[in-house]
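What TrEMBL says about this one:
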type: BINDING; residues: Glu95, Asp205; note: divalent metal cation 1 binding site
type: BINDING; residues: His132, His157; note: divalent metal cation 2 binding site
Amino acid sequence: MYQGSYHGSKKHEPDLGKVLNRAWDGGMNRIIITGGNLIDSKKAIELSRTDSRLFSTVGCHPTRCGDFLPDPEKYLSDLKHLIQENKDKVVAIGELGLDYERLHFCEKEVQLKYFEYQLKLSQELQLPLFLHCRNAANDLVEILSRNKEHVVGGVVHSFDGTQEELENILKLDLFIGINGCSLRTKENLEVAARIPQDRLMIETDSPWCEVKQTHPGYKYVVTKPATVKKEKYSVESDCQVKGRNEPVNIIQVLEILAAIRNEPIDELAETIYNNTCKLFFNNK
């Protein structure tokens, strides 16, 4: 999408540089690019090398775990070597986890096997986990509990679970990552308001997971950038592309959380920033 391509159709010129500049101008000072499999992780690292403020994860997303099947040992070894060769840029193992909403991409048993298979990299390489969980919290918690000795911290990103699921994840000493997809319902807001401040992180998951006007938390959003449809978008424009999320919009997630938690926004921002640095950037 930042190359101007949507479902294979070119709508505008590449504008990733402009998107990143908006993020830096908006007050961000580091961005983590998520790797979804071996090929994507290599691309994420390549991109991270274009700017000292960019970092990446390396791992295999649950919907891509079929990539392990031809030769699991070699695939895991390739992930490990990629991390070892780029220690200055890789800040987490992931994105990995379980996704039971999209089993058509990868069947449940394959996801379960290769989620657990990747966990040993955390202890071996002393890196936290960047975790994905969709409709699979019980199995995720069970596997992580069973492998506690292999896990060096982590965050369940894009969390949209129940209060009970939140409590079970917190028992594992993990952080909770909140974005627009985490705040789509009234129940989501109630759960997000109860996350302990010292376990809370925010993210955008760009270009996905924007805060939409139909979301119950949108009424708390103060920062509303001008947008234009992708067909009419110009790189020279100061507008964002309608329906395409950007890193700078992380402020909207912060604004919603500060409002529903009734906490001073600057204090909350500082705590979240410190949480993020503690998990991902302790040795950077």
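Glycine is treated like the rest: Cβ placed from N, Cα and C.
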Including all protein chains displayed, how many Cβ atoms other than that of His157 (divalent metal cation 2 binding site) lie within 10 Å of its Cβ?
28
For the binding-site residues Glu95, Asp205, the largest set of other C-beta atoms within 10 Å encircles the C-beta of Glu95
Rounded to a whole number of Å, the separation of the Cα atoms of Asp205 (divalent metal cation 1 binding site) and His157 (divalent metal cation 2 binding site) comes to 9
Here the Cα-Cα span from His157 (divalent metal cation 2 binding site) to Glu95 (divalent metal cation 1 binding site), rounded to a whole number of angstrom, reaches 9
